[in-house]
There are 6 protein chains.
Amino acid sequence: MRIDSRKNDQIRHTKITRNYTKYAEGSVLIEAGDTKVICTASIEDKVPPFLKGKGEGWITCEYNMIPRSTKVRKIRDINRGKIDGRTMEIQRIIGRALRSVVDLKSIGEKTIWIDCDVIQADGGTRTASISGAFIALVDAVNKLHKQTPFNIYPIRDFVGAISVGIVGNVKMLDLCYEEDSKANVDMNVVMTDSGEFIEIQGTGEEKPFSKQDLSELLLLAEQGIKHVIQIQKESLKMDSLWIGTGERK
Amino acid sequence: MRIDSRKNDQIRHTKITRNYTKYAEGSVLIEAGDTKVICTASIEDKVPPFLKGKGEGWITCEYNMIPRSTKVRKIRDINRGKIDGRTMEIQRIIGRALRSVVDLKSIGEKTIWIDCDVIQADGGTRTASISGAFIALVDAVNKLHKQTPFNIYPIRDFVGAISVGIVGNVKMLDLCYEEDSKANVDMNVVMTDSGEFIEIQGTGEEKPFSKQDLSELLLLAEQGIKHVIQIQKESLKMDSLWIGTGERK
Amino acid sequence: MRIDSRKNDQIRHTKITRNYTKYAEGSVLIEAGDTKVICTASIEDKVPPFLKGKGEGWITCEYNMIPRSTKVRKIRDINRGKIDGRTMEIQRIIGRALRSVVDLKSIGEKTIWIDCDVIQADGGTRTASISGAFIALVDAVNKLHKQTPFNIYPIRDFVGAISVGIVGNVKMLDLCYEEDSKANVDMNVVMTDSGEFIEIQGTGEEKPFSKQDLSELLLLAEQGIKHVIQIQKESLKMDSLWIGTGERK
Amino acid sequence: MRIDSRKNDQIRHTKITRNYTKYAEGSVLIEAGDTKVICTASIEDKVPPFLKGKGEGWITCEYNMIPRSTKVRKIRDINRGKIDGRTMEIQRIIGRALRSVVDLKSIGEKTIWIDCDVIQADGGTRTASISGAFIALVDAVNKLHKQTPFNIYPIRDFVGAISVGIVGNVKMLDLCYEEDSKANVDMNVVMTDSGEFIEIQGTGEEKPFSKQDLSELLLLAEQGIKHVIQIQKESLKMDSLWIGTGERK
Amino acid sequence: MRIDSRKNDQIRHTKITRNYTKYAEGSVLIEAGDTKVICTASIEDKVPPFLKGKGEGWITCEYNMIPRSTKVRKIRDINRGKIDGRTMEIQRIIGRALRSVVDLKSIGEKTIWIDCDVIQADGGTRTASISGAFIALVDAVNKLHKQTPFNIYPIRDFVGAISVGIVGNVKMLDLCYEEDSKANVDMNVVMTDSGEFIEIQGTGEEKPFSKQDLSELLLLAEQGIKHVIQIQKESLKMDSLWIGTGERK
Amino acid sequence: MRIDSRKNDQIRHTKITRNYTKYAEGSVLIEAGDTKVICTASIEDKVPPFLKGKGEGWITCEYNMIPRSTKVRKIRDINRGKIDGRTMEIQRIIGRALRSVVDLKSIGEKTIWIDCDVIQADGGTRTASISGAFIALVDAVNKLHKQTPFNIYPIRDFVGAISVGIVGNVKMLDLCYEEDSKANVDMNVVMTDSGEFIEIQGTGEEKPFSKQDLSELLLLAEQGIKHVIQIQKESLKMDSLWIGTGERK
């Protein structure tokens, strides 16, 4: 049995609180076990230089951990003088995951800033960030849609994410920090509600893994993401109706 | 009447939640109206270079706002490339305020890191940070004291802080953001439970102020800080017993 | 008696040399005892982004110490990689102090850059900077006024600054470095010629202070600032005639 | 047919030149079509702080492109002020890939620095870097082994890497830049000679992909990596004999 | 005899390979003994701010060494946080040398970026960079000239560079690294084909030098540069015909 | 006649004020016409890492201009984020010039920091810095020598510096800013009292120059430096007696 008494194919208790802070267009607290992340979506009426004049929007993501979200206090980026590679990797994957289900042309020349600030880290912060940021994004997009309906509602599908890994020789779903730090193989998977992959990042730094391992891990991940998307749907309720409809004015 | 229906000499609803996150030695969420700050105290077994070998401890503070704690999204320091002057000023005042009531020699060669991360900002974040960080500090110090009692219990007095200002021609206590942005005179006051000043920072950038104004503002501040310290005491209850006793082993 | 034989309520020998360097619109060397600061005022025909198009001007300040202005050589900011917090605090207070007596609308879309470069530091560099920078500012404004008279002459009042503190149990005016480093309470005060406060920054990091202490310190400061403003007037002579007149074309 | 007349399951002409420069312990030029990367391995007799005193070695990687390796001149990192996220991601994957087949304990307290400097970029620079850096690493390790034989020869297996993707609806092996920029799905795969996965990074930013797609892409990748490892073996010849033997003194 | 068997007045084997990489408008590999530098010239359709609207062009240079171009691995600038002084000096001298023979008005509002990336360093990298970059520049300028002929062909003369020095008491031409590191006097000379000086940088950090020494060193340099320019002419062949003609449309 | 009525072979009025500030071991104000530089020498009891344990000392130099030392306000390095190339070049040449006449072994494991802070710039700041810094260096070395005599007095010779140039077709000595900005050829020369060269930096960016030009410029420079060294000797008087004696205990 796992250290927190879960089964190997069971995700942690996951909870999504919408409207967590008052200024952002979308603001969510996601809790996955002891991992807690504030995800906000902010809308800005301009796009980065490479998109100017193309009539398209953009979604960009920043990820950060407050210093004592971790066991050992983490020095702030500004005092280390740079963003570390892990943070870079994470904010890039969150951005790609969300952009993959959004019709950026439909949004027009706007940037949606996604900020994921980890308050407490117990493994799986990047996947929790994706799952939580998706809801903040939906709330921000709906706020726009209610003001001035989009020609085509821009969100095409749900996006959920989860980690899987091999700890000892056991394949496990949704690793907490202690499991993650002992894992031989570590994989983050992002999928849509329609069961397709958006991103797979698997690494066997400690030990290479076989095709059979890969298949089993992806099955576990699929099962976990289904559960996560169900929790997303419950949190959004009626506010999820437009997703995937491509509704037109 | 004020925009949130308070009297001019009334502080906002203020709430202190201890043990807000699980890793830090002291961890507090302080809410003052819509201002919300996570304050943590972390203990490190070394001191900055200028104190090495002197047998004394140190308390240092860092302050930050998450990007969407404010109406307009605030760019992260690491992306602007530097800490702004306001943040510098604030982290210096928090550090001074806490050090002023702590016997650093009694602590020994340890650094206590205070981190104040603003989740939602509606005015008075620096004074809320001081009032909340004090409780996180007490919890961290008590954790040390319970493991290995200090020769002299190092915290000498309570520390509370509040802002006062002149809005229009009216002197007000504990300004919210909207009031603060219209204030002619803006003053932050830090006091002990015994009624002495630790820090006064008053500025009449918009309009100089008279001695009479100063007296009245300080009276308002004193009254507000008494209320804040009462809330601190209620939150600590029995855990405040050592404060100011200089208890010896 | 004090280490330099002054009385407790006596300022150091203070001297203002105008037109100290040849390029700046205003250029002053201020000497307060052994503290020496070059203060220049430079005019630029644009404003920071947050003021563009508002028809208002801005005054901004930068403060720096040359490396061997201090007993121990101070590493240059560019080699430490950042401006330290103390410098930030100082340049913010100088800027606020000067802006408080200037009608920025009258100046129009111009920025006045105040540079305070400390050549020799013996305590009180921030207050000397304010008192000296004020004269550089007047010279720069008068140069503009002589070319193209302002509708309303923009400088409303004199600004002087001084430090006070409690050393041992003695309250002293205009602390030199040796006194400052032993002070329990340290206060910087900025006032106008009309006797109103622009800024009060008092800190009892070593020891809190009472209301009675505060009153006495402010009286000392007021007396010192009167003396400083008298020296400013003598240095400006006829060039001070417009100050506070709000003269119109 | 593909723009360079290859079949969909065919890698580009790939060539490895050993001892390309004279100072590095291992130095390789790898050419994959028009992509050209200089890979060097440098040995340093110390380890990063987190490994000090543990008796283990470390492999770390840096990746860079010379400014005109690309169609549009790329600004140097030092002039942009930071390493971009893509570069961070790439140097992390190269490091992980090489560490996964090396017994770091056997190496002892040494760091092997891998530098991949792209001279000309036409797609697949990260996978070419891994395949080339592996040879530089072998040369550097062999140089150490010849001087003072390791107890256990530290390299456990060959490592090769290739990209695959879906362009239009066609699955292709080893994408050149033009193909890559039109791909809907983009995947980088790192494998050992024994046919196990070290890293899979697949992203469907433009369009999610199915399990079936994933299977077919991984088959293509496996086939390509076999070819790459064959080229590696031919370039090393007798110098590859120790790999995977765990030879002991 | 010298360590590589050359005579004191003999340059190293020098080879220029044009069109070394495929994207740059001009791209050269220059080899001088074991010193190898990739020099590219890139054309950008804008000028730096100080030239905007003046109808003139600009030539700017960046110089860098890949980490293992040297005996001891050189840390990348981005990881040290700044460009070192030596690199600054070198890129400034290369820029000045090339600008001195180019009619910048004739080029129009274009910037030509010269990038010199050292692959292998064995002394004389700055002079090799100048000699190689000149050829890259000619190729880039000719590419423009063939598309749209300049009113006046902008390159007025050839530019070659070489180092000379005093090693022991012996004056030597084109020092390799080992000679350079033992030299008392070190001089870099840049000249035109017409025998005039563009730049002389001589330093006797280890030992001052006399006028007589200077004369002899300059004679050696002149002889070496003549040889270098001959090699440049052979590499350019017919493509050098326009140089110095000031040909008009 | 020149703009300031000098003859072509005449240096500007040059004045050296010793003990200009009170903390530095050596502190000089040098004025050359309207160019004014504060030069200090500070002694530190350690050496840079590359010299540790070698029993040798080091001299290092930093150069800076206060923002309004120039006609147009110069942005501080810390606000531009980096030291500009010109500054780098200048601080390197000052350091080399001073080290060339000092027996670093005799100094022992000490660093002498030379700081040249330009208060007013009217051309020739780098040569004035060298000539002034030499005197600050002598004062600092003498202070050490008087406390604990060196085995060998470490300063071997005087060092003076001056600029020369070709303006129009006229060769001129000690160019002021207006002359310098029109010069076709610009040369900085550093020499010893014994008439040998330490550094020659000549550049014909605007127009190459002939051997004949070079000879005449060097003659002018020699004449100017003789004058500068005479002024140095007068300023040092008896304090110059040890220079070049290699006096032993």
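Glycine residues also receive a Cβ, built from the backbone N, Cα and C atoms like all the rest.
Fair warning: this is a prediction, and the values are worked out from it, not measured in the lab.
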TrEMBL annotation, phosphate site containing D:Gly124, D:Thr125, D:Arg126 - matching residue among D:Arg80, D:Arg86, D:Arg156: D:Arg86
Among D:Arg86, D:Arg126, the one of these binding-site residues whose Cβ has the fewest neighbouring Cβ atoms within 10 Å: D:Arg86
Surrounding CB atoms that lie within 10 Å of the CB of D:Thr125 (phosphate binding site), all protein chains: 24
Per DSSP, three-state class assigned to D:Arg86 (phosphate binding site): helix
Farthest-apart CA atoms of D:Arg86, D:Gly124, D:Thr125, D:Arg126, residues recorded for phosphate, distance in Å: 13
Output field, phosphate shell: CB within 8 Å of site CB centroid, site D:Arg86, D:Gly124, D:Thr125, D:Arg126 dropped: D:Tyr63, D:Ile90, D:Val118, D:Ala121, D:Gly123, D:Thr127, D:Ala128, D:Ser129, D:Asn188
For D:Gly124 (phosphate binding site), nearby residues of its own chain (Cβ under 8 Å, 6 or more apart in sequence): D:Arg12, D:Ala32, D:Gly33, D:Thr35, D:Ile162, D:Ser163, D:Asp174, D:Leu175, D:Cys176, D:Asp180
Reduced DSSP assignment, D:Gly124 (phosphate binding site): coil
Structural state census, the domain 'Exoribonuclease phosphorolytic' (D:157-223) (DSSP three-state): 19 helix, 31 strand, 17 coil
DSSP residue counts for the domain 'Exoribonuclease phosphorolytic' (D:10-140), split into helix, strand and coil: 45 helix, 41 strand, 45 coil
